[in-house]
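Structure first, then comments.
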Amino acid sequence: SLAFQAVFNLLIPDHSADAFSPPRPAPAGPWDALVERLLGGLGRWDAEHFLFIAERGYLFEHNCAFLPLFPLSLRALACLWPPQLQPRSRLLLSAALLNALLSVLAAAALYGLGRAVLRRRGEAFLAALLFSLGPASVFMAAAYSESMFAFLAFSAMWQLEKGQSWLSGLLFSLASGARANGLINAGFFLYARGKRFALQLQVGSASLRKLPLMWKQVLSLASSAALMCAGISLPFALFQYYAYVRFCGPGTGLDQTVPEPLLQLARDKGYRVAGMDGAKPPWCSQRFPVVYSYIQDTYWNVGFLRYFEFRQIPNFLLALPVTLLGSWAAWTYVSTNPQHCLTLGLERSKSEEKGKPRDGFCGPAAFVYVVHATALLAFGFSCMHVQVLTRFLGSSSPILYWFPAHLLQEHEPLLWSAGTDSPASGKPLLGKSPRGKGTPDNLVVRLLLNWRLITPLSKSILGFFLCYWLLGLILHCNFFPWT
């Protein structure tokens with residue numbers, strides 16, 4: 001991805017986009033020019049905000065839509081590079097290095113999570129391979145927070161599956177400091193605690209069902225769940241307080257230290273600058289002043305059904321593949337497990353009572369992840385700029401990779417002897433690499449090399465992943481509209 005974005009950025013002229021583009025000095029030396037040529041494609045669209053925040057802090061009000069964990073990490077890593085480089089060069093190098101590492105760690109975390117939930121090693125491995133070639137790959141490489149969020153969220157889910165509640169809570173808390181939708185992950189804790197309590201009531205002794213003891217259990221459950229949810233929400237809440245102090249407090253004369261080109265940009269674009277005297281932003285007088293929702297509403301017109309306009313049809317078409325894939329995943333799971341879904345997964349199934357619950361994507365353990373993905377899909381489709389659905393789900397939900405892996409496993413004969421799990425038995429089939437070393441090869445590469453032999457469904461899935469991977473590198477890195 002890094003190599004291709006550099007090539008495309010050199011060959012294709014940048015589009016003149018109406019996006020945040022703060023003035024910056026020309027490259028001061030040959031090394032700055034080289035970094036800009038090789039990695040400049042990583043600094044487009046929202047990446048401009050992250051790089052700007054890492055360099056100058058939250059100077060403009062609308063920068064506060066981007067949470068601080070990722071830009072703070074870039075700023076810390078930038079200290080490792082030679083001081084002769086300009087700040088932008090050091091930050092671009094930091095972003096490329098950090099996201100390359102976090103993407104690999106996110107794929108490893110997704111693999112571990114898949115093994116814990118799906119209980120099929122081959123299917124989990126195939127999902128991790130699809131993540132590495134995902135339709136949102138350009139955002140995993142660019143100076144965006146997607147790689148960091150995916151690593152933290154998938155790792156937290158994995159630790160929760162292993163019973164490491166406090167470590168999981170810490171990782172979920174860090175994730176909410178990287179992206180606002182990390183707050184939704186508190187639902188995993190609530191569901192895990194509620195399910196544990198429900199199962200205890202079903203299999204426990206009669207004394208457990210006595211009212212005093214039951215109330216004690218309920219209070220313990222409620223207090224621990226409330227404490228964990230508060231911890232997950234804390235980074236987001238602290239950042240809202242920071243924004244309130246910075247933009248709603250008394251003026252500090254900060255405008256005297258801001259370079260004139262940035263002040264001129266604020267005047268031309270109508271940006272509100274921190275620390276300036278004058279009328280306070282409207283959100284400051286709200287009972288619960290939340291700058292994030294105000295920015296989404298005022299600067300980007302984000303709201304329920306606001307994007308449903310005829311001129312946005314191309315953006316709906318961009319989001320159509322991931323919308324269909326997410327909807328198909330939800331329908332497949334619900335139609336396969338209607339009773340399990342009606343009881344919200346809180347009732348032990350017959351297979352669980354016998355100690356042999358179904359594994360794979362349609363197993364009972366995947367229920368909460370399907371609900372999570374469906375909720376994100378419904379919210380994103382109705383309330384957000386719909387074209388961002390691909391990267392929104394790609395960095396937040398393992399379902400976007402588990403379900404295609406499930407489809408490939410179930411319907412692609414070429415994989416049945418290539419090291420994935422047998423659809424009939426659920427046991428791994430032994431496959432050898434083309435070199436005959438007895439180790440499974442890269443299954444996605446095997447499918448691509450045998451393109452003419454694979455099924456139309458496999459071609460559709462891989463075509464979606466490959467096309468969005470390649471188009472993202474071509475369009476996003478040259479300031480053309482993308483997801």
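Cβ atoms here come from the backbone N, Cα and C positions, even for glycine.
With a threshold of 8 Å between CB atoms, the same-chain residues lying at least 6 positions outside the transmembrane segment (91-113) that come near it are 2, 35-36, 39-40, 42-43, 47, 50-51, 54-55, 73-75, 77-78, 80-81, 85, 124-125, 127-128, 131-132, 140-144, 147-148, 150-151, 154-155, 157-158, 161, 398, 401. Positions annotated as transmembrane segment by TrEMBL: 91-113 (among others).
Taken from TrEMBL, the feature transmembrane segment covers 125-145 (among others).
Sequence annotations record features per position, and here TrEMBL assigns transmembrane segment to 218-243 (among others). Packing against the transmembrane segment (218-243) from elsewhere in the chain are residues 58, 64, 67-69, 165, 169-170, 172-174, 176-177, 180, 182-183, 185-186, 189-190, 193-194, 197, 289-292: each is 6 or more residues past its ends and has a CB under 8 Å from a CB in it.
Among the features that TrEMBL reports, transmembrane segment is placed at 313-334 (among others).
Among the features that TrEMBL reports, transmembrane segment is placed at 366-388 (among others).
The transmembrane segment annotation in TrEMBL covers 461-480 (among others).
Long-range neighbours of the transmembrane segment (461-480) within the same chain, counting only residues 6 or more positions beyond its ends whose Cβ lies under 8 Å from a Cβ of the stretch, are 1, 4-5, 8-9, 12-17, 19, 41-42, 44-45, 130, 133-139, 142, 321, 325, 390, 404, 407-408, 444, 447-448, 454.
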